[in-house]
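Chemist: So that we are looking at the same thing, I have put the structure below in C-alpha cells.
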2 protein chains.
Amino acid sequence: MKNILLTIEYDGTSFFGWQRQPEKRTVQGELERVLSVVCRCPVQVNGTSRTDAGVHALGQRASFKGDFGIPTDRLVVAANNILAGGMNSIGKIGDLRIVSAEEVPEGFHARFDAKGKKYVYKILNCQETQIFSRNQYYQVRKSLNIEAMKQAALYIKGTHDFKCFQAAGGEEKKTTVRTIYDLQITEEKNELGKRTIFIEIKGDGFLYNMVRIITGTLVEVGSGKLPAEAVQDIVESGQRQKAGHTAPPQGLYLSKVYYKLEDLAGL
Amino acid sequence: MKNILLTIEYDGTSFFGWQRQPEKRTVQGELERVLSVVCRCPVQVNGTSRTDAGVHALGQRASFKGDFGIPTDRLVVAANNILAGGMNSIGKIGDLRIVSAEEVPEGFHARFDAKGKKYVYKILNCQETQIFSRNQYYQVRKSLNIEAMKQAALYIKGTHDFKCFQAAGGEEKKTTVRTIYDLQITEEKNELGKRTIFIEIKGDGFLYNMVRIITGTLVEVGSGKLPAEAVQDIVESGQRQKAGHTAPPQGLYLSKVYYKLEDLAGL
C-alpha cells in the first residue's frame, strides 16, 4: 500500500473550506474527486489543517493511501490537468493545485505527525477601497502603527495558555496551551504603491480562529483602540471578550507545515 | 431632468460582461438594479464600453438620467453601500464600485461623446503556475522578449485599417480604420518577485476584441513565434488569420475614457 504526502496550494475564495461536505465544493472534496479519477480507486485524503471558507493555503499538506499503479510524478501532472479544467482554453488556471507529492512510510499521517505550522495574514492598509484585493487581503482603512503592533506581538510569543484567542465552535482540545515560536510583522508596498502589512506566525498548534483573533487584536493595537501592553493582560485573563475582533478569512494563508521540530523552532 | 456621469471600477471575474441580460449577473444590470433603489425610480444606464465577461474596468464611464432628489454625492455613498453587501461584515468589499459621479449637461452621452479610450493588458511572465493571479493576469510561461514586442508595437501605432485585429461577432462598424495614439510596453516585478508585463494602449476607438488580438500577436512576437517585422505585413494584409491568438479576457482592463481630444492625443 502506497502512502502519498501532497503539498497543495489553493485560493479559498470559492471553496466552502477544507472539509468534505455533501453538495458543497470543498478543497478535500475536490481533491478526493480528482485523485479518485487519476488513481482509478476511491481515495480519502487527510489534510493537516481544516481551513475555513475563504482561507487560502500556500503549503497545505495532505496524505492519502492506496494500491494504485500511477507513478507519483505522473499523478501530480494528471490531477493538476483536471483541476485546471483540462487546460483547454488559453491562460486558464484553476484555484487549487498540487505543488508536489512524495511517497512516505505507511504509518505517516499528514495531520498527526505535524509538529507545527506557519500562517501568514495579509492586511492592506489604505483609505480608498481596493476591489481587486478584496479576496486576498483584509483592508484596514485607518493607518496602523506598526511599532505598537510589534510591541504587542512580544506578549504573544512564547508558551502561554491562549484561551483568550480561541473562538467557540471548534473541536474540543485537551489543552489551550500553545507555543508561538515566532511572530513577525513586516510592511511593504504593493504594485499600486499601497501599504501592505504581513503578520507571520509560527507555532506548534493553533486554537480555532486563533490567528484571526490575534490579527484582530493586533489591528486594534495598531489603530490605537488598545494599548500594546493590554495584550499581556488579555493573554493572562484567558477571556475571549477582552481580545480584539476576529479578522476576516480572506487575509489568512496557511503557509507551511513542519514535520521536524528543528525546522519549526528554527534551531 | 438630471444627467449623471459615473466613473466606475469592477473586477469582471464574476460578471457575464457589461451588457444587461435576463437572469445573468452583468455590470449594467447590477448598476441599474442598485441605482433604481437609490434613486427610487427605474434607471437605465448607458456605458461607454461593453466589456466582455471576465474583463475588468478601472475607469469605465456610464451615464443615466432621471428626476430624482438624492444629491449626487449621497447617491455614490448609498449605491456603494448596497454594492458592498451592506458592509455588514468586517472587511467585506464588493466587486463593483462607483468611484465618482458628476452632473453633466442633459445632451451628454457617456458613449457617443467619448473621443477615445485607454486599455491596459496585464501579463504575468513566469514558469510556475500562479493561482492567485489567475483572474487578473494572463500567465505566459515562456520568457518574452520585450524588446521585440516594443519593436512590433511601432507598426501598430498610428492610423491604420485594423481589420486584421477584429474578431467576428461584434457589432457592425462603418469603418475599421482607427488611430492608436500610444502603445507602451513596460515590465515590473510583482510582490512575489515575478515578472509582469503591462501593455498600455490608447486609441480613438477599438474593434471587437482588438486589444486582446493585439496582445496575442505581441505575445507571439515576444515568444519568437513571429518576427517583429511580420506585424507590419499583418496590418497591411487585413487578414485576421495572419494575426496572433486572442489573449484571454482576465488580463484586460478598461483603464480610462477620454472626452477631450487633447487628453487623448496627449497634446
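Cβ coordinates are placed from backbone N, Cα and C, and glycine is handled just like the others.
Sharing the features that TrEMBL gives for it:
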type	residues	note
ACT_SITE	B:ASP52	active site, nucleophile
BINDING	B:TYR119	substrate binding site
DOMAIN	B:8-75	domain 'Pseudouridine synthase I TruA alpha/beta'
DOMAIN	B:152-259	domain 'Pseudouridine synthase I TruA alpha/beta'
Chemist: Quick check: in three-state DSSP terms, what is the residue listed as 'active site, nucleophile'?
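Modeler: The residue listed as 'active site, nucleophile' sits in coil per DSSP, no helix or strand.
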Chemist: Within 10 Å of the Cβ of B:TYR119 (substrate binding site), how many other Cβ atoms can you find? Include all protein chains, please.
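Modeler: There are 25 such Cβ atoms around B:TYR119 (substrate binding site).
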Chemist: Sort out the sequence-distant neighbours of B:ASP52 (active site, nucleophile) for me: same chain, 6+ apart, CB within less than 8 Å of its CB, listed by position.
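Modeler: For B:ASP52 (active site, nucleophile), the qualifying residues are B:GLY12, B:GLY17, B:TRP18, B:ASN209, B:PRO249.
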Chemist: Please compute the mean pLDDT of the model over the domain 'Pseudouridine synthase I TruA alpha/beta' (B:8-75).
Modeler: 95
